[in-house]
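Asker: Let me give you the structure first, and then I'll get to my questions.
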Amino acid sequence: MIVERIWTGNAYRNFNYLIACPETGEALAIDPLDHEKTLATARVKGWQITQVLNTHEHHDHTGGNAAVIAATGAKLIAHHKAGGRIAGVDRGVKAGDVIKVGKTVELECLDTPGHTMCHICLRSHTEQPALFSGDTLFNAGAGNVHNGGDVNALYATFAEQLARLPDDTLVYPGHDYIENNLRFTLAREPDNAAAKALLPSVTDHDPAKSAVTTLKDEKEFNTFLRLSSPSVIARLRESFPDLPDEPDARTVFAKLRELRNQW
């Protein structure tokens, strides 16, 4: 499996992705908003885009569909309930469905509601797994629930699915928010050594050259994966004095998301 991360450089700070089979040159485009860069990258690599996948229905992820499909004839894949939200879906997928790219690439669909209720992530069937997480899991952060989402569903996705993936899973999110997210981590957990160590290298960085994190890394500096941290809970109580002495993880997650909305 070959992964090509495409930095759009737009105001939304989107990443687009191409996943290619090294044997056949067939490729899957994930959320190809910047259709020009996506098509140009495939052309330079000698790949044929045969499928397009949208992680969810928001325009900054679907806006390049028409141009890519017109140029390549690719089939469009999305959540099985997204047909009324995304035009021209050819294949609706559910949890456990597998997307094959060429002869060698298999990507398992995870039904990951929260950011929206029609959100999917992809997990690769590779020796070192990779997670294409859309707007669910970001580097050092979590998606918002402003436009069709639900914070309890997002918590469940984190707790019941993402946190249980292997620690060596590579994380490929839909946006570059790592600098701001690390600053949020340090505001919530000032003694977080991993966040302190990483922040200088991503301050005013070039996202096109940004390092790829693993889930193990995320568990060290992503506040939304550190819900039992005494430091996180103590600082959270300063903002929410009525927080129980031993708050449950769901409550901590929801309160953190509330604070992140204002960050």
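Backbone N, Cα and C atoms are what each Cβ position is placed from, and that goes for glycine too.
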Asker: Going by the Zn(2+) 1 site in Swiss-Prot, where His56, His58, His115 are listed, which of the candidates Asp34, Asp135 is also part of it?
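Answerer: Answer, per Swiss-Prot (Zn(2+) 1 site with His56, His58, His115), from Asp34, Asp135: Asp135.
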Asker: Quick check on the annotation: Swiss-Prot has Asp60, His61, Asp135 binding Zn(2+) 2, so which of His35, His175 does it put in that site too?
Answerer: His175
Asker: Near His175 (Zn(2+) 2 binding site), which of the binding-site residues His56, His58, His115 can be found within 10 Å, Cα to Cα?
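Answerer: Of everything listed, nothing lies within 10 Å of His175 (Zn(2+) 2 binding site) (Cα to Cα).
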Asker: On a count of neighbouring CB atoms within 10 A, which of the binding-site residues His56, His58, His115, His175 is highest?
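Answerer: Output for this query is His56.
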Asker: Any idea which of the binding-site residues Asp60, Asp135 has the thinnest Cβ neighbourhood at 10 Å?
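Answerer: Per-residue Cβ counts within 10 Å for the binding-site residues Asp60, Asp135 bottom out at Asp60.
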Asker: Tell me whether His61 (Zn(2+) 2 binding site) sits in a helix, a strand or coil according to DSSP.
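Answerer: Where His61 (Zn(2+) 2 binding site) sits, the three-state DSSP reduction gives helix.
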Asker: Which residues, in sequence order, are found in the same chain with Cβ within 8 Å of the centroid defined by the Cβ atoms of His56, His58, His115, Asp135 at the Zn(2+) 1 site, excluding those residues themselves?
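Answerer: What remains near the Cβ centre is Thr55, Glu57, His61, Thr116, His119, Gly134, Thr136, Gly143, Asn147, Gly149, Gly174.
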Asker: Count the other Cβ atoms sitting within 10 Å of the Cβ of His61 (Zn(2+) 2 binding site), across every protein chain shown.
Answerer: 27
